[in-house]
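Each remark here refers to the structure printed beneath this line.
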Amino acid sequence: MPDFKIVSDFALTGDQPQAVEKLSEGLAHGLTDQTLLGVTGSGKTFTMANVIARVNRPTLIISHNKTLAAQLYSEMKEFLPENSVEYFVSYYDYYQPEAYVPQKDMYIEKDADINEEIDKLRHAATRALFERRDVVIVASVSCIYGLGEPEEYRSFVLPLKKGQSLRRDLILRRLVDMQYERNDIDFSRGKFRLRGDTLEIQPAYEELALRVEFFGDEIERIVSLDPVSGELLADIDEINIYPAKHFVTSAEKMAEAIKGIQAELEDRLKELEAEGKMLEAARLKQRTNYDLEMMQQAGYCSGVENYSRHLAGRKAGSAPWTLLDYFPEDFLLIVDESHMSLPQIRGMYAGDAARKKTLVDYGFRLPSAMDNRPLSFDEFKARVKQAIYVSATPGPYEKEHSQQVVEQLVRPTGLLEPVITVKPTGGQIDDLLEEVKKRVDKKERVLITTLTKKMSEKLADYLVEMGIKTHYLHSEVDTLERVEILRDLRLGVYDVIVGINLLREGLDLPEVSLVAILDADKEGYLRSEQALIQTMGRAARHVDGQVIMYADKITGSMQRAMDEISRRRKIQEDYNRLHNITPQGIRKAIKDINERIRSVTAEVSGPEFRPAPTLREDIVRLIKELESQMKKAAKNLEFERAALIRDRVVELRAALETDPVNKNERTK
């Protein structure tokens, strides 16, 4: 198996070498919990990649939202291009969980829109764990939710080998058991087709399809092919085909599960009738019997995940199988932005249980549905042997449990923590306007954070009236639009962005030289020590970074935040002086923030949003895919979407005609 190998134009600098050394030694000495306290812009991701390469173990990195996970995934792929870096987040573009509101007697059915691209990446992630050890999976909190049993999933793998004798009807039956669908017309993900002696399969985890050619019952040839153009690409001697879904169950297990569900239904009906809940009993009987009939006839039903305990043969109350169970025992866990991610992981179990309990109490689900759930925090910790928590502001859990805290305070660029000024609230808007104008004159950018939506809107409107190019960033803005707005800030379309709690972790905005915090003395979640340090960090990527807090008194949180920033700044100044370093501003390609996230974020559902490929054959393939999407959109009367796709096709065709690089790429 290959080892991890870092590929980068840069060597470890600043605090990075000692951080990598200490964390790696800590892992080697068996430390279970360590924290990397790394300031904004210190290269924490590069440090993480180097630690992974040093210890050479499969690694799970958890991030608290899809956008940051996408950013981290992209960076890890750049640092570890020869290794398997995968992406595992929720595959729902839209998700409305099943629920019941007793006060209104209102039942809400589950409704979801699955993103096929994200589902493909999830399957690629689990497949990688079965085939190699040099694997890094960047995941959201989705990784603690139920997945099929690893050993059951592995038992369904179909190995194919050139020269192997295998009856075709057995292969077809096996593919159906693996949840592949036969479709001779629509050849897409998770489907197969048979034409004479040729079987074609589109695996659930691959861009390319497979063609298996038979001579009688002998496999004569296995070849990969482009599913759009039909072009044959490369011969393959042997390959494993993995199931099309993570939840796969044998016929024997399905029969056992149905018996278990029927027995549980009988017991639960007796309970409800004894309590005088006749309506609930009738409802549960009707719904469960319908599901059982569907499972007997079709092998699945809507909401089949609610019977996962029976299907997996688990005991009542036992933890579900999750992505963590697909990893080998010695895997390493890294929790990015742990002050946000750990509370999120901790809170998932209770929230899910409260919703499910109502469904069970009112006869919509059997009690076993409670076991279709995320891991509790204790169950999560029990599956992790060694963890590294990464944050600029570690939370209480990290501080209490870490056996070693490694600080990474010095930036490779020599940049210092921002200068902090506290000003009174009297006349704050006029003062802020003057400060903003100073930055605008120097072509620098400003972030302003307020406590309320109303205040943000009013301030943004006022700044626009004063001739300042301003945008208000609010919670209703979706992920992609938010990225566009931040990109426009960098490009100078806007000079100022006003927001509430949207300007914190993981934003790379080197042009921002001023962060203004209004109502800084209003103690609370948005003005806690952690929140203030994170917000101040947005100005730490600029040589002249400054933070202005408008307040009439200095709260405990403000003082602690200022003391911590001052401590870090002194360490940075001493390091720069000792090594004769002059702080350098960060120069970052503006397209990165947008293109990088566009390419993998789950919020983007259509190929018309994908960045243009570089190779000619990839562009041709994308054009064919887009034309298919365009016709489908027009057929569904989605004319605006069809027009958008058409415009993208025109752009790509023009690029093919005018770009000499693409014209000659194939011949290089």
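If you go along the chain as it appears here, the first residue is 1 and each next one adds 1.
A Cβ is built for glycine as well, from the same backbone N, Cα and C atoms used for every other residue.
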The annotated motif 'Beta-hairpin' range in Swiss-Prot, which must be one of 91-114, 235-258, 499-522: 91-114
C-beta crowding around THR40 (ATP binding site), within 10 angstroms: 23
Among SER42, THR45, which are binding-site residues, the residue with the most C-beta atoms within 10 angstroms of its C-beta: SER42
Average pLDDT across the domain 'UVR' (620-655), rounded to a whole number: 76
Extra residues within 8 Å (Cβ to Cβ centroid of GLY38, VAL39, THR40, GLY41, SER42, GLY43, LYS44, THR45), ATP: THR47, ALA392, GLN408, ARG411
Cβ-based isolation winner (fewest other Cβ atoms within 10 Å) among the binding-site residues GLY38, GLY41, GLY43, LYS44: GLY41
Residues that sit under 8 angstroms from VAL39 (ATP binding site) by C-beta distance, when 6+ apart in the chain: ALA392, GLN408, LEU409, ARG411, GLU417, GLY537, ALA540, ARG568
Helix, strand or coil at THR45 (ATP binding site) [DSSP, three-state]: helix
